[in-house]
Amino acid sequence: MLVFPNAKLNLGLHITARRPDGFHTLETAMVPLPWTDALEVLPAPEAAETSLTLTGRPVPGEPATNLCVRAYELLRADFPQVPAVRLHLHKVVPIGAGLGGGSADAAFALRALNTVLALNLSDDALEAYARRLGSDCAFFIRNQPALALGRGDELSALPLPQLAGAACKVIYPNLHISTAEAYAGVTPRPPQHALGTALAAPINTWRDTVVNDFEASLAPKFPVLAQLKEQLYAAGAAYASLSGSGSAVFGLWPGQSAPPKLALKADYEVWDGVL
Ligand SMILES: C[C@](O)(CO)[C@H](O)COP(=O)(O)OP(=O)(O)OC[C@H]1O[C@@H](n2ccc(N)nc2=O)[C@H](O)[C@@H]1O
Ligand SMILES: Nc1ncnc2c1ncn2[C@@H]1O[C@H](COP(=O)(O)OP(=O)(O)OP(=O)(O)O)[C@@H](O)[C@H]1O
């Protein structure tokens, strides 16, 4: 079975408290972004062990620590009779970018394994497994616009009709930002605006109301993030922001069929498309 794990964008991100377990409570909206990896899940040949092969962008870590393999091992712990599988991941989405690429691989692996191994798990059950692999993972099970609370895994559907068909540009400035380090740099605070209310208003109002709390804390160390945002606004974006804990920055042009071309450094990666 071949699946295409897609990235996500965060629209606003409020970090409201630090929890005793070291995680943070947050309020964010997440939307699927059609920038994808490719993941193949096949039954392994007889007597072969479970394996993962990789192509495309290098993924740090041993194959055994890859989230696709961890997804398989998590299911096998509860269903010891399942056969071995052969996994192949072609990695495209930048890592350490705030685009949730690793989390998507984990969730899509769970979904594909559920089918290939005929486990008949419900979406709720798959979300529960996904939560154990990472805070962002549960979102990718249903993979639809959602308001995320708690650790980022308490999800409720958040229809955003004004976003459908908007042109979008995502810029990855070739900068790996560790999620844990980004959280460590933020001082939690109550949100200035209720996110759900702010996002219900037209997109061109979001600039004044929809805030990603990581931006202020990352700004001194990574001035390029604010510069890219300015460049997107100068090119007419109705809204521009950092996604998640960065380093990807995106702009939105509702009502346009494609985003404008921008002059950017040659080693930056760009995704242009429509949401
Ligand atoms: C920044 C976001 O992408 C926004 O959607 C997510 O909150 C990150 O989610 P994720 O990559 O799935 O994160 P996890 O793999 O669960 O955790 C990585 C590290 O980020 C920090 N972390 C993550 C989520 C959270 N709610 N609070 C945290 O403090 C913790 O230090 C944790 O050790
Ligand atoms: N399939 C995978 N794809 C990407 N990273 C993976 C994968 N499996 C394990 N990892 C590990 O997860 C880390 C990436 O996590 P990180 O959270 O920084 O990035 P991300 O996937 O871009 O998403 P986000 O920053 O939005 O959470 C990598 O450094 C890598 O060690």
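Placement of Cβ uses the backbone N, Cα and C atoms for every residue, glycine included.
Annotated features in TrEMBL:
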- K8: active site (ACT_SITE)
- 66-141: domain 'GHMP kinase N-terminal' (DOMAIN)
- P94, I95, G96, A97, G98, L99, G100, G101, G102, S103, A104: ATP binding site (BINDING)
- D136: active site (ACT_SITE)
- 214-263: domain 'GHMP kinase C-terminal' (DOMAIN)
If you count other CB atoms within 10 A of each CB, which of P94, G96, G100, G102 wins among these binding-site residues?
G100
Listed recorded positions are K8, A104, D136; which sit with C-beta under 6 angstroms of ligand 2?
D136
Can you tell me which of these recorded positions sit near ligand 1, meaning the Cβ is under 6 Å from at least one of its atoms: K8, P94, G96, G102, A104, D136?
D136
What other residues of this chain sit with their CB within 8 A of the center of the CB atoms of P94, I95, G96, A97, G98, L99, G100, G101, G102, S103, A104, the recorded ATP site?
A7, V93, G244
Looking only at DSSP and grouping its letters into three states, which state does D136 (active site) belong to?
coil
Sort the residues of the domain 'GHMP kinase C-terminal' (214-263) into helix, strand and coil with DSSP and give the three counts.
17 helix, 9 strand, 24 coil
How many Å lie between the Cα of P94 (ATP binding site) and the Cα of D136 (active site)?
16
For K8 (active site), which of the binding-site residues G96, G100, A104 has the nearest Cα in space?
G100
Which whole-number value in Å describes the distance between the Cα atoms of G100 (ATP binding site) and D136 (active site)?
7
Please report the DSSP secondary structure of K8 (active site), reduced to three states.
strand
What is the separation, in Å, between the Cα atoms of D136 (active site) and G98 (ATP binding site)?
10
Tell me the Cβ neighbour count for D136 (active site), meaning other Cβ atoms within 10 Å of its Cβ, over all protein chains shown.
28
